[in-house]
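Annotated in TrEMBL:
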{"type": "DOMAIN", "residues": "5-238", "note": "domain 'NAD/GMP synthase'"}
{"type": "BINDING", "residues": "GLY27, ILE28, SER29, GLY30, GLY31, ILE32, ASP33, SER34, THR138, LYS167, SER189", "note": "ATP binding site"}
{"type": "BINDING", "residues": "ASP33, GLU143", "note": "Mg(2+) binding site"}
{"type": "BINDING", "residues": "ARG118, LYS151, ASP158, HIS235, LYS236", "note": "deamido-NAD(+) binding site"}
Amino acid sequence: MQKEVDQIVNWLQEQVKLAGVNGLLVGISGGIDSAVVAHLIKRACPDHSLGVLMPINTSEENMQDAKEVAASCGINTITVDLTEARASMYGNITKELKSSATYKEENAQLAKANLSARLRMSTLYTVATNHNYLVVGTDNAAEWYTGYFTKYGDGGVDILPIVEFTKGEVKELADYLGVPDSVLNKQPSADLWEGQSDEKEMGTTYAEIDALIKGESIPEKDKEIIEAMHKRTTHKRDPLPQFSRTI
Ligand SMILES: Nc1ncnc2c1ncn2[C@@H]1O[C@H](COP(=O)(O)OP(=O)(O)OC[C@H]2O[C@@H]([n+]3cccc(C(=O)O)c3)[C@H](O)[C@@H]2O)[C@@H](O)[C@H]1O
Ligand SMILES: Nc1ncnc2c1ncn2[C@@H]1O[C@H](COP(=O)(O)OP(=O)(O)OP(=O)(O)O)[C@@H](O)[C@H]1O
Ligand SMILES: [Mg+2]
């Protein structure tokens, strides 16, 4: 584990040098992926790393976990409450959709959730520009394979240090790095709506996704769900389709 951590930390330092920036930042949610990334960037850039807490109707418990994550690695933090910004922006967009009779109630929850993720991305880039830092992403191998992230939201980042680590391996890293137990043992959640849990929404488990990625056999039902997610989200991993005048 020490060797893996050293390798990621060296890689992060290399990325800072290559990009010619001053440091690194990450959004800290109180979940395990951002906890691991916060620890790693603090190790890579002890004096030039930052954690950004961005509540949007976020529970006191998750805020407390985010603060404990920051305390556990000693990273500096700022908090930008986006609750009003999201309410105002979503309210304005919805008003327009409703007045033009193009509002679709069945897509509302997801649209609102993805707006939250994209407001967080915009906030991170505003802070990153101010500090001349890179925005560090928290996607792990399971999320990347299934495309379980918002395009240009939490997926809109500069570098991905833990994208080759399964959710199980992220947990091992978290344990090694000293992430608090409350975060280590918590159910993964995008926390984009009341009661959301990743596994409930996906209809499968991280254990099955991890197993499939590692080439192990898993129940047919889970395989179908995971492969369908993978296929549907190909566009999130591929380069942008670009019209070429030479075609
Ligand atoms: N074939 C295609 N080629 C190019 N672009 C395509 C496309 N199909 C859709 N699109 C575009 O992509 C959009 C759909 O993608 P996207 O906006 O990402 O939205 P979508 O994949 O529908 O939803 C995001 C999912 O990620 C989950 N999530 C989000 C954020 C954080 C976390 C977490 O774990 O913390 C999880 C969230 O709960 C939800 O299940 C469409 O609106 C369309 O604009
Ligand atoms: N309230 C928040 N404040 C700051 N950043 C956030 C917040 N919510 C989400 N994020 C950012 O979006 C990323 C994606 O969320 P995701 O839920 O996948 O990761 P996590 O919360 O760190 O771990 P887990 O998947 O176990 O919940 C987070 O890692 C974090 O960088
Ligand atoms: Mg989370």
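Along the chain as shown, the residues are counted starting at 1.
Just so it is clear, glycine is given a Cβ too, placed from its N, Cα and C backbone atoms.
Residue pair ASP33 (ATP binding site) / HIS235 (deamido-NAD(+) binding site) shows a Cα separation of 23 Å. Counting only same-chain residues at least 6 apart in sequence, those with a Cβ under 8 Å from the Cβ of LYS151 (deamido-NAD(+) binding site) are HIS235, LYS236. Here ARG118 (deamido-NAD(+) binding site) is compared against the binding-site residues GLY27, SER29, GLY31, SER189, and the shortest C-alpha distance is to GLY27. ASP158 (deamido-NAD(+) binding site) sits 13 Å from GLY27 (ATP binding site), taking the C-alpha atoms as the reference points. A Cβ distance below 6 Å to any atom of ligand 2 is met, among the binding-site residues ARG118, THR138, LYS151, ASP158, HIS235, LYS236, by THR138.
The Cβ neighbour count for ASP158 (deamido-NAD(+) binding site), using a 10 Å radius over every protein chain in view, is 17. The average pLDDT for the domain 'NAD/GMP synthase' (5-238) in the predicted structure is 97. Minimal Cβ crowding within 10 Å, among the binding-site residues ARG118, HIS235, LYS236, is found at HIS235. Within 10 Å of GLU143 (Mg(2+) binding site), judged by CA to CA distance, lies none of the binding-site residues GLY27, SER29, SER189. The Cβ of GLY31 has fewer other Cβ atoms within 10 Å than any other of the binding-site residues GLY27, GLY31. Residues SER29, GLY31, SER189, taken from the binding-site residues SER29, GLY31, ASP33, GLU143, SER189, are distinguished by a CB atom under 6 angstroms from ligand 3. Each of the binding-site residues SER29, THR138, SER189 was scored by the other Cβ atoms within 10 Å of its Cβ; the lowest score goes to SER189. Checking the binding-site residues ARG118, ASP158, SER189 against ligand 1, none has a C-beta less than 6 Å from an atom of that molecule.
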